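Database features (TrEMBL):
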type     : residues : note
DOMAIN   : 1-61     : domain 'Cation-transporting P-type ATPase N-terminal'
REGION   : 1-24     : region 'Disordered'
COMPBIAS : 9-18     : compositional bias 'Basic and acidic residues'
TRANSMEM : 45-64    : transmembrane segment
TRANSMEM : 70-89    : transmembrane segment
TRANSMEM : 238-257  : transmembrane segment
TRANSMEM : 283-307  : transmembrane segment
TRANSMEM : 679-700  : transmembrane segment
TRANSMEM : 712-732  : transmembrane segment
TRANSMEM : 753-772  : transmembrane segment
TRANSMEM : 784-804  : transmembrane segment
TRANSMEM : 825-845  : transmembrane segment
TRANSMEM : 851-870  : transmembrane segment
Amino acid sequence: MNKTFVGLTKEEVEESRQKHGSNALTEKESETFFDKLKGNFDDPIIKILLVALVLNLIFAFLGYAEWFEAFGIAIAVLLATLIGTWSEFSNETAFQKLQEDASKITVKVFRDGHVTEISIDDIVQGDEIILQTGDKIPADGILIDGSLRVDQASLNGESDEAKKETLPEGATYEDGDTFNKHALFRGAVITSGEAVMKVTKVGDASFFGQMAAELTVEERESPLKLKLADLANKISKAGYTAGVLIFIAFMINKIFVENNFNGAKISEYFSQLGPVGNDIVEAFILAVIVIVVAVPEGLPMMIAMVLSQNMKKMLRDNILVRKLEGIETSGSLNMLFSDKTGTITKGQLDVVSYINGANTSFDKLGAIPEELKKIVSTTILNNTNAVISEDDQGAVVIIGGNPTEKAVLAFVEKDEKSFGTLEHVSAIPFSSARKFSATQVAGEWNTTLIKGAPEKILPNCSTYYDEQGQKQPFTKLAELDNEINELAKKSIRVLILATTDEIVTEESLPSDYTLVGILAIRDDVRPEAVEAIHDVQQAGVQVVMITGDRKETAIAIAKDAKILQSPDDIVLTSQELNDMPDEEVKSLLPNMRVIARALPTDKSRLVRLSQEIGLVVGMTGDGVNDSPALKRADVGFAMGSGTEVAKEAGDIVILDDNFKSIAQSILFGRTIYRSIQKFIVFQLTLNVGALLISFIAPFIGIDHPLTITQMLWVNLVMDTLAALAFGAEPTLKRYMKEKPKRRDENIVTRSMFSAFAFQGVVITIMGLWMLKGGFLNQFFSSELALTTGFFSFFILYAVFNGFNVRTEKLNIFDNLNRNKMFMRIMLLIIVVQIIMTFVGGPILRTTALSVSEWAIVLGLSVLAIPIDMARKLVVKAMGK
């Protein structure tokens, strides 16, 4: 692009917005709070509770039950459903909002004579927008400068790339024709080229906007969510089965056992419809209690709650989760292919020297003789896909371009262009496959400007520009090759500038050049990347650096980054890799550390081969050509500075392009997984305890150790409140010393099973002893005080066991100060439980307890901590 554009003024922008609207697409209505509430009332558990409510009302009307029981069930169902719905809705909404805000697409547009970046939604009709390789076209329009190749298969099904050309002045085109060579449409992907478009349609009026209204997006469930749903389903089936068995056992006890299997007494029992009906209702309510306890409704929604609590933390660490399976799977990675520039290195490239064809070095542009300097500057400024503009203060601003492009442009000044304004006849943008870019110019200088890799250009240079700007025979090839090798050993990469009078095509380079010079570019390794690479390697993840640099440069940088440390480590070039059959590459993968002069196709092949030998693979990328590899990888890490196409293909966007952030995403993945495991242990401990107590109690003369309303409070504690408490668990460095989780690994481990099974049995034994042991009865003022004490014990035991669950260490206060939410939730549960004993009355079947009664409850409950410490010691000893 060599034209300048003024663009719209502020007044014209506002006028266009008023007349034609903004570029925002009308969003499909998302699920509202009331939609979710209505959906939750369709939950099988709620339906069962509503049946219990109706039966209670009927028997209360007939005089066989108390009205307050029905009232209590109604209030408890309503409160539990409202709180659960609010929690689920608010967490999902917060997660989606943060995700949308962080992933907003920006575009480069001419406004008031300057280039500025704006949100895609702020585009208006008439805007002049800069388009570059990898962009998604943001609105409908026409091409007014430059040329492009675009992929518009998503719009018209055409699999071949379409070539787009500038619309001649005064020419017209058919609106809405996606095959028109001058027309551009929102949603198409620019595969190569650079151009300026003028917007003709925005928002819903665009071709894509009209299609979007009819599109339906199929939402995929993440693997962990499916795993949790499967676990919940298995537990639910067990709970429903237990409920049915308890119903049958209760009725057998009433009909046969209490009547001593006497036929006459059994007949008499059935002749009294009231008592029979009352027993059926009691049996049904007991079954309902068991089902309410057993069915872990909170498991599938746990992921959304954990992610919503961690989203802000991850964004602070420059991690944007686009797909849930990405952050889940990142904790299981054992192979990570990482780009070098800006990820392992700083990405702040500097041209440290310029070397001419006579092997004379200059450390800055000003030191180059004037005539040669003009050629160098013009070659650089006219062969770029970046846009050079000015800000409001007149300072030069470089927009677009990769880090190398920006470093090269920063080497020259805007006013150094000394051949006047040259016309750009045609351009071939740089790609990692071609390893060069070219621009044909006309005007005061008629030539083709070349920029690219040394091996592509240097051997074919027959002449060079001397210090007076004159062409001279080039005879220093061997010397310059040695110089380039020496620079490579210092981690310095090089770029060749040249000109040619021959025709250049995308497929091939000419055979004769005039060397303009060599640019030596330094890109230092990030200090934090070295530590992050060590952490990732310690976590059992093999790191392979992929770079477009020559082999010598790649080796030097890999050594600086501590990726290459052993004589057995393997470094390959793309050519060497492609000369090998798949089986040979697979055999080398365990020791592979660097791929130099890499092509985008190498990435896809490496991902495929790694997956074929059972590895869980992560891949980084930033360009259009990286998209297939990002999609194929188990976790695709797209770079924040990369193309929109790469970001859409990736699972996680690394906003600062920093390897440290990739390491953090692995740590977050492991932390989230562990948080969910802690939640499962906490929940299943209560499940096992309540299930065993409810099952055994009727056979030892205790009809209802816990009522429906009490169990709904227990359910709230172990679902919503526990999810909030454990979802805020901190990231711990020690998780990075563990081996990666296998893809098929059961989420419930042996140690988890021992924890919830053991504590479930303990709470059962202690609870039944409290209710029926006789010894403790004398310390409670009444039967109601005793059942209230048991109810409070059950809740407080769960609270103290929560401290056990959140750490595998004996020190229950381990990193507790980093999860203040846990403390707040547990304190809330205790306070609410105390209040319930005072105000619950007949509805909750509670009464106020004395200080001595509370002392007994507290004394029994706190035993959860030393008991679990003993279990941990035994498990640790057995593990040795």
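For all residues, glycine too, the Cβ spot is worked out from N, Cα and C.
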Any contact, the transmembrane segment (851-870) to the transmembrane segment (784-804), with at least 3 Cβ pairs under 8 A: yes
The transmembrane segment (679-700) touching the transmembrane segment (825-845) per 3+ Cβ pairs under 8 Å rule: no
Contact call for the transmembrane segment (712-732) against the transmembrane segment (238-257), three or more Cβ pairs under 8 Å: no
Stretch-level contact, the transmembrane segment (784-804) and the transmembrane segment (679-700), CB cutoff 8 A, at least 3 pairs: yes
Average pLDDT across the domain 'Cation-transporting P-type ATPase N-terminal' (1-61), rounded to a whole number: 77
Secondary structure composition of the compositional bias 'Basic and acidic residues' (9-18) [DSSP: H/G/I, E/B, coil]: 9 helix, 0 strand, 1 coil
Non-local residues, at least 6 beyond the ends, that sit with Cβ under 8 Å of the transmembrane segment (753-772): 680-681, 684-689, 691-693, 696-697, 700-702, 705, 786-787, 789-790, 793-794, 797-798, 801, 804-805, 860, 863-864, 867-868, 871, 875
